[in-house]
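Notes for the one structure printed next.
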Amino acid sequence: MFFERPKDDIEFDVIVVGTGHAGIEAALAPARLGLRTLILTTNLDNVGWAPCNPAIGGPAKGIVVREIDVLGGEMAKTTDETMINVRMLNTGKGPAVRALRAQIDKYAYSQMMKNKLQSQENLVLRFGLVEKILVKDGKVYGVVDSFGIDYRAKAVILTTGTFLRGKIFIGRDTMEAGRMGDLPAKGLSKSLMDIGFKLSRFKTGTPSRVLKSSINFSKMIRQDTDDEPRAFSHFSEPKVLPKDHPCWLTHTNEKTHKIIRDYLVYSPLYGKVKLIQSVGPRYCPSIEDKVVKFNRDSHQVFVEPEGKNSQEYYLNGLSTSLPYAAQIKMLRTIPGLENVVIVRPAYAIEYDYIDPLQLYQTLESKLIEGLYFAGQINGTSGYEEAAGQGLVAGINAAMKILGEKPLILKRSESYIGILIDDLTTKGVDEPYRLLTSRAEYRLLLRHDNAHIRLAKYGYRVGLIPKWFYEKVLNLEKNIKLQIERLKNVKVPVSDRVNDILVKLGSTPLKEGTKLYNLLKRPEISYNDIEELDSERITDKELLEQIEIYIKYEGYIEKMLEEVKIFEEYESVDISKINLDKVPNLSTEAREKLKKVMPRSIGQAMRIPGVTPADIANIISYIEK
């Protein structure tokens with residue numbers, strides 16, 4: 001036929017829609033596992049783009065990046081290659097809340113991710129605005145783009161970000177867009193609704209970008225990169241960055257707030273005509289939200305570089321949808337921004353998302369077999385949350401095609417597991433953001449032990465090398481051996497020992513003890529007393545794990561006991577029981593259980609509206 005296309009141009013194993021942080025991981029995983037993968041985007045020049053803050057990581061999110069890395073993802077490596085300022089956060093607090101946050105060169109990051117996609121074997125990156133999902137007999141079999149070109153696949157992964165019927169707001173002015181400068185995807189929303197998916201609207205926003213030469217940095221507080229070597233990836237060599245791209249801190253003031261209040265009448269959120277009806281992110285409010293809801297004299301503004309060679313700076317903390325006139329006036333009341341020039345205005349964007357209760361924990365749709373969802377389309381916010389979902393969706397699409405066991409991460413072993421469990425068990429009523437407070441066992445889910453927790457899964461699915469997995473196993477073995485050894489290293493009472501302890505502000509010994517017991521003291525580190533150990537530990541990674549365990553042993557052991565109970569409930573499979581036959585279930589519980597379709601008793605216990613009495617009835621039914 002004259003218009004017939006070659007088979008290899010039409011047929012793929014996996015199709016990924018969208019090249020944001022979720023789409024990249026969703027496409028690389030199956031391609032690396034040997035499956036022919038197509039990834040479609042409306043803008044080939046914005047692959048892996050950072051449309052909001054030019055940063056990766058932060059509390060909880062930085063740990064997610066580490067988890068992505070050890071499961072075989074790419075985000076950590078590319079961040080290490082393109083970061084221009086990096087800091088370990090919460091160093092004055094316990095290890096559970098420490099996390100890396102890096103400013104990236106967003107242009108270099110995007111180009112590097114594009115190169116990685118285009119150089120990956122089994123992967124095709126192509127322009128395409130997807131308008132329709134192809135479904136037959138309850139199974140997905142492909143997509144159709146805006147040119148009427150159809151592609152066939154065994155699995156489709158939607159990672160559409162803010163593009164589904166995206167609409168931008170600057171004051172009372174509106175524009176249809178996936179983000180500033182990009183086309184929205186309108187047909188795809190209709191296709192999903194026609195299939196039977198429930199869609200709702202969320203909103204988010206981004207601040208102005210301003211010209212570097214118009215900023216007076218002398219009125220701001222400088223924040224340099226860390227002096228210690230840092231890396232997100234377990235496969236990168238930690239490095240100290242040059243201090244030539246600092247971030248800067250300034251503050252709003254009452255003049256700023258007065259201008260914001262004066263212009264609220266023109267706000268699409270607070271004006272007489274409320275153009276935006278949808279809910280925005282609780283943990284990243286707009287500046288007008290802050291001024292209206294919080295009675296404070298000032299708010300922090302972090303002024304962040306967007307790249308090594310970029311003349312644009314990002315104003316973290318000043319997201320707004322106020323009209324342009326309000327934006328320029330309020331910025332010029334802020335110290336250091338008195339003569340600022342706006343390069344790109346701030347805006348809010350409203351977009352469609354699906355109810356994530358329509359998904360299994362594999363991120364496959366309950367409605368259509370082989371159709372997966374990841375990222376903001378599931379009601380989440382954040383690059384890291386998106387990338388984590390994308391990786392899990394990509395792995396599970398591949399596992400399904402290859403006939404292998406799916407990857408379902410537990411709450412007790414990863415932040416990605418918490419994220420997906422919350423989405424698929426509780427749903428969302430606002431853009432979801434990961435927080436350390438969402439973790440029941442956060443002392444077990446640390447920045448420093450992501451590889452110990454998850455390497456077995458990365459290796460099992462085939463995305464991390466054998467040598468790395470064996471290295472992790474060896475580390476685990478050595479941690480146990482060294483802890484037992486330190487329990488037996490004797491420290492006698494002596495003037496030498498007590499002099500060391502007094503200098504460290506620690507209580508002198510009255511009787512002999514073990515080195516292990518000295519290390520339990522919060523004011524003492526191993527390096528302080530290493531001369532008391534005849535077999536000195538020189539491996540920094542090994543030493544870090546040992547010290548954390550010894551100092552927090554009581555808390556860690558208590559959590560491990562709680563995890564055992566948690567996993568007992570998680571192991572009771574209820575996915576195949578007929579809920580209509582379970583006696584004495586409340587009507588609400590029966591409805592919620594049918595909607596969520598929990599995999600286990602443990603998941604059922606976390607569904608809002610399901611009571612302990614309902615759980616007892618299910619257990620009683622199973623035991624009979």
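Cβ coordinates come from backbone N, Cα and C, glycine included.
Copied over from Swiss-Prot:
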type: BINDING; residues: Gly18, Thr19, Gly20, His21, Ala22, Gly23; note: FAD binding site
type: BINDING; residues: 280-294; note: NAD(+) binding site
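On the structure: features taken from Swiss-Prot.
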| residue | record | Cβ within 10 Å |
| --- | --- | --- |
| Gly18 | FAD binding site | 30 |
| Gly20 | FAD binding site | 30 |
| Ala22 | FAD binding site | 34 |
| Gly280 | NAD(+) binding site | 21 |
| Cys284 | NAD(+) binding site | 19 |
| Ser286 | NAD(+) binding site | 27 |
| Glu288 | NAD(+) binding site | 24 |
| Lys290 | NAD(+) binding site | 18 |
| Val292 | NAD(+) binding site | 17 |
| Phe294 | NAD(+) binding site | 9 |
Other residues, Cβ within 8 Å of Gly18, Thr19, Gly20, His21, Ala22, Gly23 Cβ centroid (FAD site): Val16, Ile24, Glu25, Ala26, Gly48, Thr159, Gly161, Gly375, Ala386, Gly390
Fewest-neighbour residue among binding-site residues, criterion Cβ within 10 Å, set His21, Arg282: Arg282
Inter-residue Cα distance where the pair is Gly18 (FAD binding site) and Val292 (NAD(+) binding site), in Å: 36
Local backbone state of Gly18 (FAD binding site), from DSSP in three classes: coil
Nearest-integer angstrom distance between the alpha carbons (Cα) of Ser286 (NAD(+) binding site) and Gly20 (FAD binding site): 23
Integer Å distance between the CA atoms belonging to Gly23 (FAD binding site) and Arg282 (NAD(+) binding site): 25
Between Cys284 (NAD(+) binding site) and His21 (FAD binding site): CA-CA distance (Å): 19
Around the Cβ of Gly23 (FAD binding site), the count of other Cβ atoms that are within 10 Å: 31
Assigned conformation of Cys284 (NAD(+) binding site) - DSSP reduced to three states: coil
Lys290 (NAD(+) binding site): secondary structure state under DSSP, collapsed to three categories: helix
Cβ-Cβ distance under 8 Å to Thr19 (FAD binding site), same chain, at least six residues away: Ala27, Ile39, Leu40, Thr41, Leu44, Asn46, Val47, Gly48, Met113, Lys114, Leu117, Leu125
Shortest C-alpha distance to Phe294 (NAD(+) binding site) - which of the binding-site residues Gly18, Ala22, Gly23: Ala22
